[in-house]
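*Asks:* Submitted below is the structure of interest, expressed as structure tokens.
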Amino acid sequence: MKYFGTDGVRGIANETLSPELAFKLGRCGGYVLTQHASNKPARVLVARDTRISGQMLEQALIAGLLSVGIEVFSLGVMTTPGVAYLVRLQDADAGIMISASHNPVQDNGIKFFGSDGYKLSDEKEEEIEALLESDEDTLPRPSAEGLGTLSDYREGALKYTQFLEQTIPDDLEGMHIAVDGANGSTSALVSRLFADLGADFDTMATNPDGLNINKGVGSTHPEALAKFVVEKGAQVGVAFDGDGDRCIAVDENGEIVDGDKIMFICGKYLSERGRLKKDTIVTTVMSNIGLYKAMKENNLNSVQTKVGDRYVVEAMRKDGYNVGGEQSGHVVFLDFNTTGDGMLTALQLLNVIKQTGKKLSELAAEVKTYPQELVNIKVTDKKAALDNEKIKEAIAKVEEKMAGDGRVLVRPSGTEDLLRVMAEAKTQELVHDYVMEIADVVEAEMGVNE
């Protein structure tokens, strides 16, 4: 597809993602989503993160929606999972989030949720693409009766935090938490959430100015929170990303606890209480071998998917699992929400710490992360590279040397002409040797001479 990637439509604000395109997306997307709407007129929720281009794109998108007769409810600044939850709560026909998640400030994106709170299917996205690509706009253009209306729905934020508070059985009194809001969508919500739950908390990166979202902070820069946790003497730290769908934690010593470890800690806790469906956690191929070893030792099963939270959610829905996610901090608790939810993940983790009385460092120590190295190689043909006999031989040779105590993953990039060679092994030295052994063969066989 030309416009839609794995996470909606993305681009550089005011360039590849222009207000003109946002207007068209409002018209075409709104029209497709409301063909089968249960409400007449159709109702759509719209929200954005804190980046400066959000307001420009939001106004254009809303104009497009109104022009095809849609009743629009504006949430203002809200998290992506907040939109997914509120669409279901309000019985809306769709939700639209304007955000480029953890990307830098110049990027932005527009992603759609169906009435069930799940990201759109490929089929729906293809329908929207077809209308966007069409030479002429044949969609309705009412002049008076039949135009849409716009209402504020700022109380949605309170409803969302109240819902989050009900996902854990106890308050957080007696806990000292450090919070990094990435200067993004969670900035205005976290203080209310932790204050309501009685926690003692310190916040950083919760003053968005439109330009500082994700800038050296948040889940993609957890070292900032690690320093802050030690400085404040907190027992745990949680960092979110720009649109609040990721969470990375930090223990009391300033050590980073990634999505793999968070999934394990929460999954094991639920399993011991008979609440982890099929005793299974859904992971992606990028999860560390240390996670799988820890799961095996605790009689937990795993199901692997391609990289991307949408594939994790697909597998969870298809086979009835309730916990899954990615190393990057997208963790999905399907009992509560339909997508990765950073604040929800933080609460589940904090609840385990409180209920078990253990330190986060103790809980995370069960997953012994193996050193990992990733090399990207520019190739002439990424698909042919995977079928190349000499490359296959090199991979088999390395796997033989590992003898089950490590792993290799060779996969093409989804967006560029790159082959990604990743290995995990007991020591950094070993992992480097293994990666280079395969990378050298890839270079010799299919490399681009620059």
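Every residue gets a Cβ built from N, Cα and C, even glycine.
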*Asks:* Which of SER74, SER101, SER115, SER413 shares the Mg(2+) site with ASP241, ASP243, ASP245 per Swiss-Prot?
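*Replies:* That Mg(2+) site, as Swiss-Prot gives it, pairs ASP241, ASP243, ASP245 with SER101.
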*Asks:* I'd like the number of other C-beta atoms within 10 A of the C-beta of ASP243 (Mg(2+) binding site), please.
*Replies:* 36
*Asks:* Once the DSSP letters are reduced so that anything not helix or strand counts as coil, what is ASP243 (Mg(2+) binding site)?
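*Replies:* Where ASP243 (Mg(2+) binding site) sits, the three-state DSSP reduction gives coil.
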*Asks:* Starting from the Cβ centroid of SER101, ASP241, ASP243, ASP245, the recorded Mg(2+) site, name every other residue in that chain with its Cβ within 8 Å, sequence order please.
*Replies:* ASP49, THR79, THR80, SER99, HIS102, GLY184, SER185, PHE240, GLY242, GLY244, ARG246, GLY340, GLY342
*Asks:* Is it possible to get the count of other C-beta atoms within 10 angstroms of the C-beta of ASP245 (Mg(2+) binding site)?
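*Replies:* Around the Cβ of ASP245 (Mg(2+) binding site), 33 other Cβ atoms lie within 10 Å.
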*Asks:* In the structure shown, which of the recorded positions SER101, ASP241 has the fewest Cβ neighbours within 10 Å?
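*Replies:* Taking SER101, ASP241 as the recorded positions, the minimal 10 Å Cβ count falls on SER101.
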